[in-house]
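Below you'll find the structure, written out as structure tokens, and then a few comments.
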Amino acid sequence: MILAFQLVSFTYIWITLIPNVCAASHIRMTHQRCSSSMKQICKQETRMKKDDSTKVRPQKYEQLLHIEDNDFAMRPGFGGSPVPVGIDVHVESIDSISETNMDFTMTFYLRHYWKDERLSFPSTANKSMTFDHRLIRKIWVPDIFFVHSKRSFIHDTTMENIMLRVHPDGNVLLSLRITVSAMCFMDFSRFPLDTQNCSLELESYAYNEDDLMLYWKHGNKSLNTEEHMSLSQFFIEDFSASSGLAFYSSTGWYNRLFINFVLRRHIFFFVLQTYFPAILMVMLSWVSFWIDRRAVPARVSLGITTVLTMSTIITAVSASMPQVSYLKAVDVYLWVSSFFVFLSVIEYAAVNYLTTVEERKQFKKTGKISRMYNIDAVQAMAFDGCYHDSEIDMDQTSLSLNSEDFMRRKSIRSPSTDSTRIKRRKSLGGHVGRIILENNHVIDTYSRILFPVVYILFNLFYWGVYV
């Protein structure tokens, strides 16, 4: 009986405890599986948060700079003292100088420095943040423009050449790469021996001196240039920075900065292209003083050629210059040289006229009208290029009014006369110098000395004054 009771009790305990043990082990296994899956979920959530924090970093920068919290249409410190804006410039090149348009083209780096406390941000490493052109549209920047500019642009290859750097304390640097074409009021009274003073002027367009104070950041050292900058027609003698004020009746006083540079023109190009040809033409006109006074075609054609050449030189110089209403140094030289050439033509006209008057007086004294149809040896040489010393040759080369008589003489001329004429042609070389010297007019004699001396004195005076 007792044995039966123990058996029943053991069976009851077995039936009661075994399910509970299985359930506990199942719960334990389930908990372990849940904890491992939870860890994986937590890791995934952590990774997603890191990714999310990376994606919203630009928003954090905007929040860090308080861009959404401030009105950047207003200048820094609005209502208080004017905001100081420092400027420095690095000139990369002077691309061109145009005398015709009176302008110049310059490429340079323009840097602005100012402080905007609205852009300050905390930084443990005290590092600045650098941005491109996209942030400029969201913050306040100085509105600098170029006075007397014709064209200007910011370079945009491969992106817009704009750099913005913000420091933790709110100091801002804005750098631009710009090309500007601006007016240069030139004085050509000494051209091409001139020196030109040009300047590029910077000024705020909207803010007068009560709102914005424009100044050179590092004084005279704020303007820098490339070491090997040169131009084809000019020496760059000096670069300097200066400042001043500009007054407008409707808006008041404005700060203005000046980039000044001095250009001295190369003279060698104009010596080769203008001065030297003019000197040659003047000297060529003096050759007529050594040509026989009865060689009318030779002396007239030489004088006209030199006059027309001088006119061509003057026209070419004027075409490349602005139409100014005052004399330039090159105009003085060219017109004086043209005057010398013109005088050589007038000199021969006077010589020819006085020679004709002389002959008429001589003919009246001799009383022989027939002499009008015969000319002396020098005159005959001027017409046919041969030296004559006999009356027979004079008659054969005379200016006869009766053409039939001239043709008859020519037809009956003997071979011996022709051979004699050929010999006399050969002997011309030994006598022409004596003939020219003996038949010179007194005006030609004095002109050979007077013209060169006066022209040399003019050159000494000209180069002494302008150089």
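Glycine too: its Cβ is placed from the backbone N, Cα and C atoms.
Pulled from TrEMBL:
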type	residues	note
DOMAIN	69-266	domain 'Neurotransmitter-gated ion-channel ligand-binding'
DOMAIN	274-371	domain 'Neurotransmitter-gated ion-channel transmembrane'
SIGNAL	1-24	signal peptide
TRANSMEM	267-290	transmembrane segment
TRANSMEM	302-321	transmembrane segment
TRANSMEM	333-355	transmembrane segment
TRANSMEM	449-466	transmembrane segment
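Among residues of the same chain six or more beyond the transmembrane segment (449-466), those with a C-beta under 8 A of the stretch's C-beta atoms are 190, 193, 282, 286, 289, 329, 332-333, 336, 340, 343-344. Counting residues of the domain 'Neurotransmitter-gated ion-channel transmembrane' (274-371) by DSSP class, helix then strand then coil, yields 82 helix, 0 strand, 16 coil. The average pLDDT computed over the domain 'Neurotransmitter-gated ion-channel ligand-binding' (69-266) stands at 92.
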